[in-house]
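Look at Swiss-Prot and you will find Asn10, Lys12 tagged as substrate binding site. The active site, electrophile annotation in Swiss-Prot covers His95, and the record cites similarity to another entry as its basis. Residues annotated as active site, proton acceptor in Swiss-Prot, with similarity to another entry given as evidence: Glu165.
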Amino acid sequence: MARKFFVGGNFKMNGTRKDLKAIVDNLNNAQLDPNAEVVIAPPALYLDFVKQNLQKPNVEVAAQNVFNKPNGAFTGEISATQLLDLGVKWVILGHSERRNELGESDEFIASKTKYALDNGISVIWCCGESKDTRQAGETIKFVENQLAALAKEINDWKNVVIAYEPIWAIGTGLVATKEQAQEVHAAIRSWLKQNVSDKVAEETRILYGGSVNAKNCKDLAKEQDIDGFLVGGASLKPEFVDIINANL
């Protein structure tokens, strides 16, 4: 089965209404690959604003976080019910910035992923290694441990998109070579085959993230197990359109 090309744009803590309107207008006016699925993740307080201004049927909106409880005394958190109330059906979970800056563990991320999926929200689940882990030759083992923590919590993977983002490449200008990225993507798919099922391994989309731009996206997209991208800084720029159209 051919896996549909997927591009996510993680705006992180960037943009005002004026900035985001310009980004959305650029997407609305662009000729986008009709065979690409696109999801953009603005800051939480602009989710509805972005959603109201989007006019492309194949572009959806994602949250950058969701909590693992339905409601209650959890200051600053967002529930799945609240996201669904806005019509938001995607969320990014496990990003290294939340793992490292906010101390989110593999287990906590897995519990949030399960909660989102159980409530009908699809998940872009992030994994990836540090520079030290890469240099120690332990990248694949590290990523497999992250996958194992997730697999303990979830059984149904059909609404999970995996994003491999080597931490040393996020926002640094460094980028994994297409061979480095393909090696890890293939290892992730192999792990899914061995530990989940052939069907999940074949159907799950695995994205690459980490300093993706208009110059390197086409070569990366040609690799067998790279099914798209999770884009950070470049998603705020006009070149995001070129990344979406990497297969054209």
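Cβ atoms are placed via backbone N, Cα and C, with glycine included.
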Whole-number Å distance separating the Cα atoms of Glu165 (active site, proton acceptor) and Asn10 (substrate binding site) is 12
If you count, for each of the recorded positions Lys12, His95, the other Cβ atoms lying within 10 Å of its Cβ, which residue has the minimum?
Lys12
What's the CA to CA span in angstrom from Asn10 (substrate binding site) over to His95 (active site, electrophile)?
10
Roughly how many angstrom lie between the C-alpha atoms of Lys12 (substrate binding site) and the residue listed as 'active site, electrophile'?
10
Protein Cβ atoms within 10 Å of the residue listed as 'active site, proton acceptor', excluding its own:
26
